[in-house]
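The active site, nucleophile annotation in TrEMBL covers 133. The feature substrate binding site is assigned by TrEMBL to 161, 162, 163, 164, 184, 185, 186, 187.
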């Protein structure tokens with residue numbers, strides 16, 4: 001089985017001043033995530049490494065530089081899934097939020113930092129504008145797929161608002177029978193059409209990963225007037241990076257070839273060193 005990893009840095013109207021940094025960021029994350037797969041690592045470890053790289057990059061609205069709520073506070077949303085297994089280790093629960101999520105993170109040894117250190121000066125200045133999500137999908141050499149999606153949400157969101165990113169079947173979905181998906185875009189629209197699961201349902205019906213993504217994003221636009229993007233990998237190693245927004249920074253690695261793009265229909269490639 002040939003390993004594949006695909007990442008995205010959010011589907012939105014990425015301004016020219018962030019374009020190069022966004023593309024460089026997804027390329028770096030894709031290389032780092034794929035290095036895990038090349039060493040025989042698991043799909044879930046690969047997407048974790050890739051998303052962590054994106055979260056640590058202040059260009060993206062995840063981890064550092066999260067979108068602020070109306071009161072200027074931060075909320076972070078994160079999903080990991082490996083073949084229908086939603087990752088909350090050491091508990092039978094599927095989702096935790098707010099103080100409970102913080103307490104659980106501390107209980108399993110995840111280090112914490114003051115929330116104000118996650119807000120950059122750029123985020124403070126751009127409080128009134130839109131931003132987006134990061135994500136990764138992977139197929140490892142054992143044939144397992146995984147997805148990860150992370151975001152700080154939209155700017156000026158209501159306190160307590162939960163978007164699509166942590167919701168199974170919306171912001172992401174992984175199933176070894178059909179593939180893995182990570183979504184980005186207008187969260188409420190993605191939630192209403194359960195975009196990630198919709199894409200995989202199209203694959204179940206025999207559509208290619210590209211057709212399934214295009215049809216599902218078109219459906220979201222027609223039904224709820226929402227735009228967005230998705231990255232997908234199938235159990236056979238086919239992948240797609242599709243979006244209906246102005247731009248989406250994405251990158252993919254397969255067989256030591258790095259593919260990447262930003263604008264519609266853009267598909268560039270580089271050979272990775274052996």
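Note that Cβ sites are derived from N, Cα and C of the backbone, with glycine treated the same way.
Note that the structure is predicted; figures quoted are calculated from it, not measured.
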Candidates 161, 186: member of the binding-site residues with the richest Cβ shell (10 Å): 186
Farthest-apart CA atoms of 161, 162, 163, 164, 184, 185, 186, 187, residues recorded for substrate, distance in Å: 16
Binding-site residues: 163, 187 - member with fewest neighbouring CB atoms within 10 Å: 163
CB contacts for residue 164 (substrate binding site) [other CB atoms within 10 A, all chains]: 30
Residue 133 (active site, nucleophile) and residue 161 (substrate binding site), Cα-Cα, nearest whole angstrom: 15
Residue 184 (substrate binding site) CB neighbourhood, other CB atoms within 10 A: 32
Alpha-carbon spacing, residue 133 (active site, nucleophile) to residue 162 (substrate binding site), which is rounded to whole Å: 13
